[in-house]
Each structure stands twice: as C-alpha cells, then as structure tokens.
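To keep things clear, I will list the structure first and then write my remarks on it.
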Amino acid sequence: MTTRNLTDEQIAEFREAFSLFDRDQDGNITSNELGVVMRSLGQSPTAAELQDMINEVDADGNGTIDFTEFLTMMARKMKDTDNEEEVREAFKVFDKDGNGYITVEELTHVLTSLGERLSQEEVADMIREADTDGDGVINYEEFSRVISSK
C-alpha cells in the first residue's frame, strides 16, 4: 500500500496521531518524541531501536520523521496488517474444525478439494517440514512462517 491509496479520512486520522507524537509541534518527530509516545503505550524501546524505526522511513536523512514520512510508515503498517489478515483467513480454510491446528487429515482434505493427488506420506512430509515444534500438527505461527517464506 502506498500513501496514494490512503483515504482522506485515514490521512486526517494520521495527521491527528502525528500531532500527538510531535510534542513540540515543529513538524518533525524525533527519536525522543517517538520514545515518549511508545513508553506511554507500554513499550520500552532502546534508543537504538527508536533510531532504527526513524531510519526506516527517514527519506530525507535528517534524523526525524516529517508528516509525509509518517504517512509512508503508516501505509506500510496497514499493508502488513492486510497481509496478516489474509494469512489468518488462509489458515482458517485449512483448519476445518477451528481448533487452531492443521492436521494431516485437514491438509489432505483441502489439497484433494484443490485437485492435488498426494499420498498420505507426501502430506505427512509437508506437515513435518512445517512442524517446527514437532507436535505432529501445524499451528498458526508455523503456518504463517511457511507462507511468509514463499
């Protein structure tokens, strides 16, 4: 998502949020201002982490975030959230009984309905490959890791 895809309403909300971060109202968010807001939200980032967050979007290299850079950051975060929702929806397709795990049977059922003809052993191999904790099923974190690595 780019800043062009943001609605006027979203931009207005982000301007309001920006002014909360920009405590001295100089049009820029410093690492100190970012730290104050994050600590008020229960986070405890280090000075280096705060600077890294700023550097990620600091297009002009001045060490602070202006409103345009802030919009870029928020648009990226929204895109990440959209991707997360898509992965959750995909997980639900596989997790037929909704118990939070994908079993060999559930994976076989979905693959068969998609026209894939795999043996139980091939499906079990797929589960084993994704099953990092070795419990014989795929939980959401394991599923997300496999999907995100593609």
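Keep in mind that glycine also has a Cβ here, set from the backbone N, Cα and C atoms.
Since this is a predicted model, take the numbers as computed values, not measurements.
Under the heading domain 'EF-hand 1', Swiss-Prot lists 9-44. The helix, strand and coil residue counts that DSSP assigns across the domain 'EF-hand 1' (9-44) are 23 helix, 2 strand, 11 coil.
The Ca(2+) 1 binding site annotation in Swiss-Prot covers Asp22, Asp24, Asp26, Asn28, Glu33. Contacts of Asp24 (Ca(2+) 1 binding site) defined by a Cβ separation under 8 A and a same-chain sequence distance of 6+ are given as Glu33, in order along the sequence.
Across the residues of the domain 'EF-hand 2' (45-80), the predicted structure has a mean pLDDT of 87. Marked as domain 'EF-hand 2' by Swiss-Prot: 45-80.
The annotation Ca(2+) 2 binding site is assigned in Swiss-Prot to Asp58, Asp60, Asn62, Thr64, Glu69 on the grounds of sequence analysis. A coil conformation is recorded for Thr64 (Ca(2+) 2 binding site) in the three-state DSSP classification, outside any helix or strand. The Cβ of Thr64 (Ca(2+) 2 binding site) has 18 other Cβ atoms within 10 Å, all protein chains considered.
With a cut-off of 8 Å between Cβ atoms, the residues of this chain six or more beyond the domain 'EF-hand 3' (82-117) that come close are 1, 123-124, 126-127, 136-140, 143-144, 147-148. According to Swiss-Prot, the domain 'EF-hand 3' annotation covers 82-117, on the basis of sequence analysis.
According to DSSP, Tyr101 (Ca(2+) 3 binding site) sits within a strand segment. Sequence-distant neighbours of Tyr101 (Ca(2+) 3 binding site) (same chain, six or more apart, CB under 8 Å from its CB) are Asp95, Val137, Ile138, Asn139, listed in sequence order. Here Swiss-Prot flags Asp95, Asp97, Asn99, Tyr101, Glu106 as Ca(2+) 3 binding site.
Beyond the ends of the domain 'EF-hand 4' (118-150), by six or more residues, the same chain brings 87-88, 90-91, 94, 100-104, 107-108, 111 to within a C-beta distance below 8 angstroms of the stretch. According to Swiss-Prot, the feature domain 'EF-hand 4' maps to 118-150, an assignment based on sequence analysis.
Annotated Ca(2+) 4 binding site per Swiss-Prot: Asp131, Asp133, Asp135, Glu142, in sequence order. In the three-state DSSP reading, Asp131 (Ca(2+) 4 binding site) counts as coil.
For Asp133 (Ca(2+) 4 binding site), the nearest neighbour among the binding-site residues Asp26, Asn28, Asp60, Asn62, Asp97, judged by Cα separation, is Asp97. If you measure from the Cα atom of Asp135 (Ca(2+) 4 binding site) to that of Thr64 (Ca(2+) 2 binding site), you get 46 Å. Long-range C-beta contacts of Glu106 (Ca(2+) 3 binding site), restricted to its own chain and to partners at least six residues apart, with a cutoff below 8 Å, comprise Phe94, Asp95, Lys96, Asp97.
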